[in-house]
Amino acid sequence: MNNDNKRSAGGLGLVGDIGGTNARFALWRGQRLESIEVLACADYPRPELAVRDYLARIGESVANIDSVCLACAGPVGAADFRFTNNHWVINRAAFREELGLDHLLLVNDFSTMAWAASRLGADELVQVRAGSAQADRARLIIGPGTGLGVGSLLPLGGGRWEVLPCEGGHVDLPVTSPRDFALWQGLQARYGHVSAERALSGNGLLALYEISCALDGVAVRASSAAEVGALAMAGDAQADAVLEHFFLWLARVAGNAVLTVGALGGVYITGGIVPRFLERFIASGFAEAFARRGKTSGAYLQDVPVWVMTAEHPGLLGAGVALQQALDAEG
């Protein structure tokens, strides 16, 4: 997380969640999101132009915006930010100058999911594993989607939080059964090193399905993760078994991460896969498999609750929370 310059009095915040295809923007006013719009990145040569068009669409003056926080896909450092899946580049100095900003904050897109977890209401969460969260302990955020995002949220007291981004999606994929090992061998033949992300992602779900079909002598009927999910929902036994295995592997990876960071404050699942198949996920063996391990580690995990985040725009909310905390810290 990086910020620049000082806050001016009485300004209005703008937040963005920028992906490879779309950029979502909103105003941040009174610690709430307003005027959410989705724009196509391909329609704008530079992100500054997208911001200007967004403000024009909602009838807001650029002059009223003094603070911006953008969630960006990829590691955020001090240098200019180059998006990996679109043509945009953010030059910090040029961005601030063109929009007349006092404050610019860039954060990793998955970090905003962690920020959002500090603010979500009960109607934006579905509890999938019962437990008792310890308010003074870390929370774990994990999300299989295009990749496997992992991060943690640390309470600092006084309503303040610290987000610790990491590369937890690239830990080794755990193998605990003969079927795990057979699938792992198929992944290793394709990729060499088998990280958790190789299985717990959109591409991973498809790879698990293809390998599973080969192991069982079943014809492949899907060419995308979405098709695997659709087959499972339609009652296809092979696809359903793969989706179940996906959820069980997610349970073990999430449980391992809780053990590593001491996330007794609970686990928050996000990403594009689990919320899409929420009913099937709730019916899966995830909750039991999460703590099914050795005596000591199983006891440690036994009372850790798990939620699925169902908020419509958690990236924007998280960007707003990150911006608010940065501004409050400046006084």
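Just so you know, glycine gets a Cβ as well, placed from its N, Cα and C.
What Swiss-Prot says about this one:
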{"type": "BINDING", "residues": "GLY16, ASP17, ILE18, GLY19, GLY20, THR21", "note": "ATP binding site"}
In sequence order, which same-chain residues at least six apart have a C-beta under 8 angstroms from ILE18 (ATP binding site)?
ARG24, CYS41, PRO47, LEU70, ALA71, CYS72, ALA73, PHE83, ASN86, TRP88, ASP109
Same-chain residues at least 6 apart in sequence with Cβ under 8 Å of the Cβ of ASP17 (ATP binding site), in sequence order, are ALA23, ARG24, LEU70, ALA71, ASP109, THR112, HIS313, GLY315, LEU316, ALA319
Quick one: which residues besides GLY16, ASP17, ILE18, GLY19, GLY20, THR21 have a Cβ within 8 Å of the ATP site's Cβ centroid, in sequence order?
ASN22, ALA23, ARG24, CYS41, ALA71, ALA73, ASN86, ASP109
Which residues, sitting 6 or more apart from GLY19 (ATP binding site) on the same chain, put a CB under 8 Å from its CB?
CYS41, ALA73, ASN85, ASN86, ASP109
Among all chains shown, work out which of the binding-site residues GLY16, GLY20 has the most CB atoms within 10 A of its CB.
GLY16
Using a 10 Å radius around its CB, how many other CB atoms surround THR21 (ATP binding site)?
11
